[in-house]
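What Swiss-Prot records for 30-50, 63-85, 90-110, 115-137, 152-176, 182-200, 267-292, 301-323, 330-350, 354-377, 392-415, 424-448 is transmembrane segment. Feature annotation from Swiss-Prot assigns region 'Required for substrate-binding' to 400-412; the stated evidence is similarity to another entry. Annotated phosphoserine per Swiss-Prot: Ser466, Ser471, Ser476, in sequence order, evidence recorded as similarity to another entry. Summarising the annotation, Swiss-Prot assigns region 'Disordered' to 479-512. Residues or ranges marked as compositional bias 'Basic and acidic residues' in Swiss-Prot: 500-512.
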Amino acid sequence: MVPTGQVAEKQACEEPRQDRELKSWRWLVFYLCFFGFMAQLRPGESFITPYLLERNFTKEQVTNEIIPMLPYSHLAVLVPIFLLTDYLRYKPVLVLQCLSFVCVWLLLLLGTSVVHMQLMEVFYSITMAARIAYSSYIFSLVQPSRYQRMASYSRAAVLLGVFISSVLGQVLVTLGGISTYMLNCISLGFILFSLSLSLFLKRPKRSLFFNRSALVQGALPCELDQMHPGPGRPEPRKLERMLGTCRDSFLVRMLSELVKNVRQPQLRLWCLWWVFNSAGYYLITYYVHVLWKITDSRLNYNGAVDAASTLLSAITAFTAGFVNIRWALWSKLVIASVIAIQAGLVFCMFQIPDIWVCYVTFVLFRGAYQFLVPIATFQIASSLSKELCALVFGINTFLATALKTSITLVVSDKRGLGLQVHQQFRIYFMYFLTLSIICLAWAGLDGLRYYRRGRHQPLAQAQALSPLEDSVQAISLQDGDLRRPQPSAPQLLPEDGSVEDGRADLRVEAKA
């Protein structure tokens, strides 16, 4: 039996250590959020299209040669950057992102040819792919119980940075009379400062997939291990002899779990929305500034529109958190309605030759997309482990990038149809209209099945349990607990999404 004095002495020693740890992670989170804010301060980003046209690049070169390089290179670097982010434990990829931004703005300031601008797009695609490092980094700093709050802090820092950057750029251009060249010089200065901040970030000791040595040292197992603990885990050396490496075994189990979860109707639905709607959304944001310049070459309120759309996106995303309906029944109808609204807004963009209509419709278009992003995030994550969430979001992003790359190759690239921007927007309108009709027909079929079975009988889709829920229910029954299982919902943010949001110029993706 431990004497009372020794217990009190031990508790007295533990309290200062806990206070130091609390102050330490709070400082790390604050520093990371400050870095995320400063990394978004690029006031020249909203004015890149006017800048390129002032540098004597033609609208055809910008539309059919320079911009198409962005989705091509993004598709090429997406998977390598995703793997390197986890393997190198985040910090090196954040430094790489800042270095790539430096290269982007040096090429903008010093480049004189189409090839230089295409190389600029390649470096920008690296910054887009590297956004996953920022959103994932914060989860390695805190305990799972703090994920939701820390994710909101990091997201708010990014949105605030995008908003301030857009407002600053518009004020400098409209009131200060600063040229777009000088605006890009100011952006380069902010980027160099954010690069210096990235060098002092703490490199985590662990990551989600590759750096899992903490398991050997007695740390908590991953969520997949908790879901399927098995009869017992062999010693590390024995496991290495049996499977080669612990990493290979972990990835195999993840893929196996992913195959089981594919049968969930809600998961399939929202993943399909993510792929198809994201592809169309980013195609619009890539080319919308070219459309504005053609509609009215005199007015230049790109920064103000970016700021307004960012603010509305934050409001709609916040509002989505309070929507409480039976998603198993109404998901398809909600998706169809939002996509139909997007189709109507795209139609107004290219059909009504008024720059203010173009501005307003784009702000509403971004807000409509951002309204469904948090809903889709929760619907996908609500019955998956944290590891599977990261994998599913990565696959969704890759498929969306592949789709928009294919559309770009056919519609925009000079080696394809090489259409002008108004013709492209007409095709994008048909794209969103087709998606809305498909979703509406799908929702109608579900509604007919629902009323044929009787209003008081739930849909079969809503009754299906995910593998995670099955495992939780099995464990509950074994323990004699007959209560209904309540699967946890890990709070993960997509690439974000950043916020995969955007630069409302050639590459609004970095601000979404």
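For all residues, glycine too, the Cβ spot is worked out from N, Cα and C.
Counting Cβ pairs closer than 8 Å and at least 6 residues apart in sequence, the transmembrane segment (90-110) and the transmembrane segment (182-200) reach three or more and so form a contact. Within the chain carrying the transmembrane segment (63-85), a Cβ under 8 angstroms from the stretch's Cβ atoms is held by residues 52, 57, 92-93, 114, 117-118, 121-122, 124-126, 128-130, 132-133, 136, 282, 286-287, 290, 394, 397-398, 401-402, 404-405, 408-409, 412-414, 418, 420-421, 424, 506-507, all 6 or more beyond its ends. Beyond the ends of the transmembrane segment (182-200), by six or more residues, the same chain brings 31, 34-35, 38-39, 41-45, 47, 51, 91, 94-95, 97-99, 101-102, 105-106, 108-109, 169, 172-173 to within a C-beta distance below 8 angstroms of the stretch. Contact between the transmembrane segment (354-377) and the transmembrane segment (392-415) does not hold: fewer than three of their C-beta pairs are under 8 Å, each pair 6 or more apart in sequence.
Taken residue by residue, the region 'Required for substrate-binding' (400-412) breaks down under DSSP into 12 helix, 0 strand, 1 coil. Between the transmembrane segment (301-323) and the stretches 30-50, 152-176, 330-350, 424-448, Cβ pairs under 8 Å are most numerous for 152-176. If one looks beyond the transmembrane segment (30-50) by at least 6 residues along the same chain, the residues whose Cβ comes under 8 Å of a Cβ in the stretch are 62, 94, 97-98, 101, 105, 108, 134, 137-138, 141, 153-154, 156-158, 160-162, 164-166, 168-170, 172-173, 180, 183-184, 186-187, 190-191, 193-194, 197-198, 200-201, 289-290, 292-293, 300, 302-303, 305-306, 503-507, 510-511.
Sequence-remote contacts of a segment are chain residues at least 6 beyond its ends whose Cβ falls under 8 Å from one of its Cβ atoms, and for the transmembrane segment (152-176) they are 29, 32-34, 36-47, 134-135, 138, 183, 186, 300-304, 306-307, 310-311, 313-314, 493, 496, 498-499, 501, 511. On the 0 to 100 pLDDT scale, the region 'Required for substrate-binding' (400-412) averages 95 in this prediction.
Proximity of distant same-chain residues to the transmembrane segment (330-350), defined by a Cβ-Cβ separation under 8 Å and at least 6 residues beyond the stretch ends, is recorded for 266, 269-270, 273, 277, 280-281, 284, 288, 291, 357-358, 361-362, 364-365, 368-369, 371-372, 379, 421-422, 425-426, 428-429, 432-433, 435-437, 439-440, 442-443, 446-447.
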